[in-house]
Amino acid sequence: MSHALKQVFNKDKTFRPKRKFEPGTQRFELHKKAQASLNAGLDLKLAVQLPPGEEQNDWVAVHVVDFFNRINLIYGTISDYCTEQSCPVMSGGPKYEYRWQDEHKYRKPTALSAPQYMNLLMDWIEVQINNEDIFPTNVGTPFPKNFLPVVKKILSRLFRVFVHVYIHHFDRITQMGSEAHVNTCYKHFYYFVKEFNLIDTKELEPLVSALLGCW
């Protein structure tokens, strides 16, 4: 692993502790299968496809947790440069501003700084993926009816992290020599959400033009 990628995967820089799959569980085996496809250099468009005989919700759940872990790592590498002073608004350039809303303190969409937004976002996602009523881990326990709506909200909000990092902090990623890793992570994310229709195409627009030269 290169020095740059070691920096990206530096545990001290992880924005949140990684969520792990319990060995011996079906979810763990699916995770290994997904990682094997990536490590084998399989075309990302093929790697995201549902393996024969597997349940789609299980496949989606594994990837949501994996993307949460990976995007945590990416944001962790630039979090020291994403401050109240440098990023007073959570945005993706002048055209896109992202406001925070939840069921507790911020019941109406509220403008926040990028670091405030990121903290609330990661806390919120952790609660969702650790909730057995939404992300059941026991074999045979059915997924709830609101599973996909929750997944879509998680992924659409994680996408905003990519937008912010690409548009406001990509110089830092480039300085570290980690742009290839971040580009691959985003391509994987993009192909996955497109494969299962998990984010509206309109929401993906902020990075379309920005990434045309990367792919």
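Quick reminder: no glycine exception, Cβ is built from N, Cα and C everywhere.
In TrEMBL, annotation is done automatically, which means it is predicted and not curated.
The Zn(2+) binding site annotation in TrEMBL covers C82, C87, H164, H169.
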Which of H164, H169, all binding-site residues, has a Cβ with the fewest other Cβ atoms inside 10 Å: H169
Neighbourhood of C87 (Zn(2+) binding site), C-beta criterion under 8 angstroms, separation at least six: S113, A114, P115, H164, H168
Which same-chain residues, if any, lie at least 6 apart from C82 (Zn(2+) binding site) yet have Cβ under 8 Å of it: Y75, A114, P115, M118, H164, H168, H169
